[in-house]
């Protein structure tokens with residue numbers, strides 16, 4: 001097979017300082033075989049970063065294998081990751097290699113790692129510690145060599161404290177945490193991404209659509225709580241409904257009140273405040289130009305204890321980071337917003353340091 005000439009990470013679009021910073025970290029991390037934990041909100045591109053780490057590593061010619069662990073029972077996960085022998089259970093009509101075997105020599109991405117059951121956590125930990133496994137229904141021990149990358153949007157520290165996630169597994173997978181920035185923190189990247197998604201739409205549909213400058217200005221003011229995935233959805237829907245080859249503000253789905261289904265709209269409102277429906281920032285307006293009822297920063301009031309970082313741990317991180325919240329967030333594997341929230345809750349001021 002000819003070697004790919006595509007630059008690693010070419011599918012990651014953006015020029016913002018926040019994006020460049022995590023791209024640099026990912027490139028550095030790729031030089032080792034240490035486990036990586038990709039953290040961040042849903043839709044921030046964790047799978048793309050996992051692939052970037054793989055493609056930039058010495059394992060780039062070996063397989064990159066992924067599995068989304070969400071909603072899979074312990075039995076299904078065991079079969080998917082470790083494989084099974086013929087007749088191991090009802091329906092096992094043939095031998096099957098698991099994802100660990102398929103990824104041997106390469107990289108294994110376990111997405112939604114925070115959703116695996118306590119029952120399976122112990123089995124996964126054993127494989128990670130010993131580098132060997134047995135297929136379900138088998139007796140032969142198989143050696144496996146994979147670079148593990150995990151991804152989650154869950155607060156694993158809270159899960160550990162609540163006894164929902166094993167502390168030993170947490171330390172095993174959280175060797176190098178990388179927190180991906182949400183789209184609202186990536187200054188200037190929304191127009192670039194929207195253009196990319198529109199170009200893709202044009203290729204796939206034989207169209208030649210373009211954005212009016214005013215349309216990109218409106219998109220740039222949106223928070224997009226669903227991040228890149230939501231922006232892609234918005235762009236595709238708007239392009240589909242556009243009245244001409246130039247997409248004007250009136251074509252935007254959010255301008256026509258069609259951004260979310262009623263159920264999703266209610267869920268988003270409960271999570272981030274009514275002012276963030278379709279992500280309009282505080283001080284901006286909704287579709288008819290009326291002031292938003294609640295600013296997006298009301299999200300802090302519903303963060304609750306799940307985002308609170310322990311005082312001693314927070315003070316140590318802030319001291320190490322020289323009071324730079326973004327750096328402290330990377331050290332803690334949290335978001336800068338969670339760091340700021342915890343500083344205020346604990347009443348910590350710079351003079352402490």
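Just so you know, the numbers here start at 1 and follow the chain as drawn.
Cβ coordinates are placed from backbone N, Cα and C, and glycine is handled just like the others.
Noted in Swiss-Prot for the protein shown:
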type	residues	note
DOMAIN	12-240	domain 'Sigma-54 factor interaction'
BINDING	40-47, 103-112	ATP binding site
DNA_BIND	325-344	DNA-binding region
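Nonlocal intrachain contacts for the DNA-binding region (325-344), taken as residues 6+ away from its ends with a CB within less than 8 angstroms of a stretch CB, comprise 21, 25, 37, 39-41, 156-157, 174, 177-179, 182, 185, 300, 303, 307-309, 313-314, 317-318.
DSSP assigns residue 40 (ATP binding site) to coil in the three-state reduction, placing it in neither a helix nor a strand. Long-range Cβ neighbours of residue 104 (ATP binding site) (same chain, at least 6 residues apart, Cβ-Cβ under 8 Å): 62, 63, 144, 145, 146. The C-beta environment of residue 40 (ATP binding site), restricted to residues of the same chain at least 6 apart in sequence and closer than 8 Å, consists of 46, 153, 179, 180, 181, 182, 335. Residue 43 (ATP binding site) has a Cβ environment of 20 other Cβ atoms inside 10 Å. Helix, strand and coil counts under DSSP for the DNA-binding region (325-344) come to 17 helix, 0 strand, 3 coil. On the 0 to 100 pLDDT scale, the DNA-binding region (325-344) averages 80 in this prediction. In the three-state DSSP classification, residue 107 (ATP binding site) falls within a strand. Applying an 8 A CB threshold to same-chain residues 6+ apart, the list for residue 110 (ATP binding site) reads 66, 67, 69, 148, 149, 150, 151. The number of other Cβ atoms within 10 Å of the Cβ belonging to residue 46 (ATP binding site), over all protein chains shown, comes to 24.
Within its own chain, residue 107 (ATP binding site) has 50, 53, 54, 57, 59, 62, 63, 64, 65, 146, 147, 148, 149 as residues 6 or more apart in sequence whose C-beta sits under 8 angstroms from its own.
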